[in-house]
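The block underneath contains the structure these notes are about, expressed in structure tokens.
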Amino acid sequence: MQDSSLNNYANHKNFILMLIILFLMEFARGMYILSYINFLPTVTSIAVAITSLAFSIHFIADASTNFVIGFLLKKFGTKIVLTTGFILAFTSLFLVIWFPASPFVIIFSAMMLGIAVSPIWVIMLSSVEEDKRGKQMGYVYFSWLLGLLVGMVFMNLLIKVHPTRFAFMMSLVVLIAWILYYFVDVKLTNYNTRPVKAQLRQIVDVTKRHLLLFPGILLQGAAIAALVPILPTYATKVINVSTIEYTVAIIIGGIGCAVSMLFLSKLIDNRSRNFMYGVILSGFILYMILIFTLSMIVNIHILWIIALAIGLMYGILLPAWNTFMARFIKSDEQEETWGVFNSIQGFGSMIGPLFGGLITQFTNNLNNTFYFSALIFLVLAVFYGSYFIVNREKAK
């Protein structure tokens, strides 16, 4: 009994420390990717094309690394992989201090940061306890969201004081996360040293076995990301609000999401499978309705209400969807499978803005992008709703 209690305490301590490490790395990512490089064209000679390329390469590196990181963790162990990641992130962001306007350094740092964050995410997802998955996944996604947003806001404030003087803060945050890692005992589901060909065959096998999940993983990210390029224009040109009022809408949505992740996500645990199905299906349908409604809104107060509803639903849909995916994963393939899932999700987030921007540009109508995003959630609702009904009938 005492050994069990000590083991539970150790697992809890490791989980909390990994949450803090995830928060710090996402904090650094928010500072650099969402704030620093976006402001560079306004305060230095860096061209917008360079920062846009850096932004894209960051997420390409992230998605590509996710595809193989689970296998690398099993082959080389967590210490080598994570330490390498911290070295890459720290070194690349440290270079920004000395070369704040170098196109090569800006792009290189973005790529290295994308690679470095990948193993931390995979370890977090594979270490969640099954009987507490909804609750713990709420904490994981909360740490991710809080880190990104606070990092972005914090760097925005520092840039207002001086555009490049506080660049050292980014590498400092990574260094703190790196030091904390040495107080964590990370355990994988198993270790193997299989040859590369065998690991490639396993990637193909994992992909084939989870094809049912890929539409949901890919299209959810694409549908949300498709709105990113048009939302600022929609807010300022259609609703005619200030940047501050638009920011308030984002903050309200973030607060709703945070509250849902911290308090509502635990509802997923110890509930029936049908309850989980209901949350997922309701989430897809509600998203479709809310996003479609955005195309007709011209009042900022109604927009704030919709932002709150979207945030609340997102905060419970993510853990529910994660729990649904987890039921398909073999216990000894946690790291590999979550890595592949994260990679597919990353590609969805990359193609979403591309489609959203192109639809608006070629149709010259912002509403068409809202219709596109809403249609995706309608397709997901029909596809997975049909699966849930068929699966429920088979279970009887």
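Each residue, glycine too, has its Cβ placed from N, Cα and C.
Residues or ranges marked as transmembrane segment by Swiss-Prot on the basis of sequence analysis: 15-34, 46-73, 80-99, 105-126, 138-159, 165-184, 211-231, 243-263, 275-297, 303-326, 338-358, 370-390. As annotated by Swiss-Prot, topological domain 'Extracellular' applies to 35-45, 100-104, 160-164, 232-242, 298-302, 359-369, with the evidence given as a curator's inference. Residues annotated as topological domain 'Cytoplasmic' in Swiss-Prot, with a curator's inference given as evidence: 74-79, 127-137, 185-210, 264-274, 327-337, 391-396 (among others).
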Open item on the list: Is the transmembrane segment (303-326) in contact with the transmembrane segment (243-263), using at least 3 Cβ pairs under 8 Å (sequence separation of 6 or more) as the test?
Closed with: yes
Other same-chain positions with a Cβ less than 8 Å from the transmembrane segment (138-159) and lying at least 6 residues past its termini are 19-20, 22-32, 34-36, 39, 43, 124-125, 128, 166, 169-170, 173, 254, 257-258, 260-262, 264-266, 315, 318-319
Check for me, if you would, whether the transmembrane segment (338-358) reaches the transmembrane segment (80-99) - at least 3 Cβ pairs under 8 Å, residues 6 or more apart in sequence. no
(request) For the transmembrane segment (370-390) and the transmembrane segment (211-231), check the count of CB pairs under 8 Å (sequence separation 6 or more) and say whether it reaches 3 or more. (result) yes
Stretch winning on C-beta pairs under 8 A with the transmembrane segment (80-99) (pool: 46-73, 165-184, 211-231) is 165-184
